[in-house]
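Per TrEMBL, the features are as follows:
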- B:3-36: domain 'Putative zinc-finger' (DOMAIN)
- B:97-117: transmembrane segment (TRANSMEM)
- B:136-190: region 'Disordered' (REGION)
- B:139-149: compositional bias 'Basic and acidic residues' (COMPBIAS)
- B:153-177: compositional bias 'Polar residues' (COMPBIAS)
- B:216-355: domain 'DUF4349' (DOMAIN)
- B:284-344: coiled coil (COILED)
Amino acid sequence: MPLEDQLLVERSKKGDREAFEHLVQLYEQKVYTIAYRLMGNHADAADLAQDAFIKIYQALPNFRGDSSFSTWIYHITVNVCRDELRKRQRRPTVSLDDNNSDGNNYTYEIRSTAPGPEEMLDRSETQVMIQQCLDSLNDDYRTILIMREIQELAYEEIAEILGCSLGTVKSRLSRARQALKEKISKQMEPLSPCKRLAK
Amino acid sequence: MRCQDVMELLSPYLDGALATEEREAVRLHVARCPKCSAELEELRACIGMLKELPLIAPPTGFRVGLMEKIDQLPSQQGSSKDKNIFDRVTGIARSSWYRVVAVAAVMAMAVGITSLWEKEGVQFLPLEQKPKGVVAVHEPQKASKEPPVVKEQQPSQVGQSSEPGASGSKSAVNSKGSGVKQPDPQQGNATVPVITEAVKKQVEGYVPKPSTGMAVVSASLRLDVVDIEAALKSVGSIALDNGGTYLGSQDSGSIGIKVPRQSFERVIGALQKLGGVLSYLPTEKDVSVQHQTAKAELERLKAEQGELQTKLTSEPSQELERQLADLNQALLKQIDTMKQLEDRTNHCLINITLQ
């Protein structure tokens, strides 16, 4: 764990509000992104990312540092979202410029490495399409893809978080990737033959 | 290896998660099978696209809202206080002493019923044949020979056990007899010092600024400019260059900025160079009295907290706990208000209208 994180975690454990706020600042983007990728809309992502941070705050005194702090908080985030998805048992709808449920008009930013305008537009369209494909997968597939490709967790870590065997992780991930590939292919084929998957 | 088998291994193959033999078999198959090779490339591209998805910044106000929610949480360090009644009861029911006491209670009831039968002249179970533990309930004089667990269940002995080995059960049975300085973990007052400690840290960590000369400075500036768009951009740059922030425009041509107090004069000077000054209205509101009053209130709350804490140590009660919790909240709120006021004096708001 980076020294800065370590100090902030220690101070937060002792009830230092500012230290915890600093931790939130460091990790809010990643936590929010995971929530958004899993839920597919900003209103849910904002609510659940906040819930995740509240859980993190409450569980902080029990954090012993067995895993890295980032792995620990991403784990909590995934669990909070999975619980919500289980509760709903329905597919979330995608909305990239929705208003928050509390009535606030939030502004959203998408970080990128500042490509040219045309590439930006193209990239943005592709990203929206990928998110739509992700949303159309079942919860298990979407979760495992996010854990592996976005959180970049090892198979062992995924198995631990999901409470399943390594074999299950391998096979589920394989099926999830296959399913995503098929969805993306379907989306891309009608657009243009040059926009085939292989770049 | 058949294509179907290879397809299933492509995903772990891409992650390098296959054993050497399998990996080699897949590699060889893909090298000579165009279909599987294409499949592998598509899968690789698909994963790449997913990995390329950007990070998304949370909405404006996300962190502020979150911290407000966190401030409203009960103190996380007061574990037993925060538990609801169900959790507490469940916790008690799970503890080992509870099980022992429960078993003993059932046995005592059984004996009670049996002795009633005896009084009515029907002796179902002669005393001498009773199991050891059960006999002890009715014969305190034999208590020392019996297992301590059963002995402690006797009402006559509550509060008088002096056996060190019986301490585990004693705290449960003898809760009223325990000293104030050793709060029972099952009672709410055990958490009070912890909550106060957390608040204390925040209170001690905050040092109010001197109230003398404290003022909130703001200004309203109306400028006649050639190019409004260009001027708006310049205003934003001036704010940023001086450590300030751009607050946005309320309508076309009107813009708000917030700059550090020490940069105020410099910023005003730079803004006035953007065009002809039609009007300039600086205001300075003295808030020293307001700050002084807030400081006095803070001191009063601190003193009250100290008194309440002392009282609570000598006479623990739920009502006092509640009062202390309320007071702690009021203290934190007061500090927050003062910090906000101090922040307002550290920065200046400038409203610029361009035409």
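Here the Cβ of each residue, glycine as well, is placed from N, Cα and C on the backbone.
Whatever TrEMBL says is automated annotation, not expert-curated.
If one looks beyond the domain 'Putative zinc-finger' (B:3-36) by at least 6 residues along the same chain, the residues whose Cβ comes under 8 Å of a Cβ in the stretch are 43-44, 47.
Sorting the domain 'Putative zinc-finger' (B:3-36) by DSSP state (H, G, I as helix; E, B as strand; all else coil) yields 28 helix, 0 strand, 6 coil.
The residues of the domain 'DUF4349' (B:216-355), classed with DSSP into helix (H, G, I), strand (E, B) and coil, number 82 helix, 42 strand, 16 coil.
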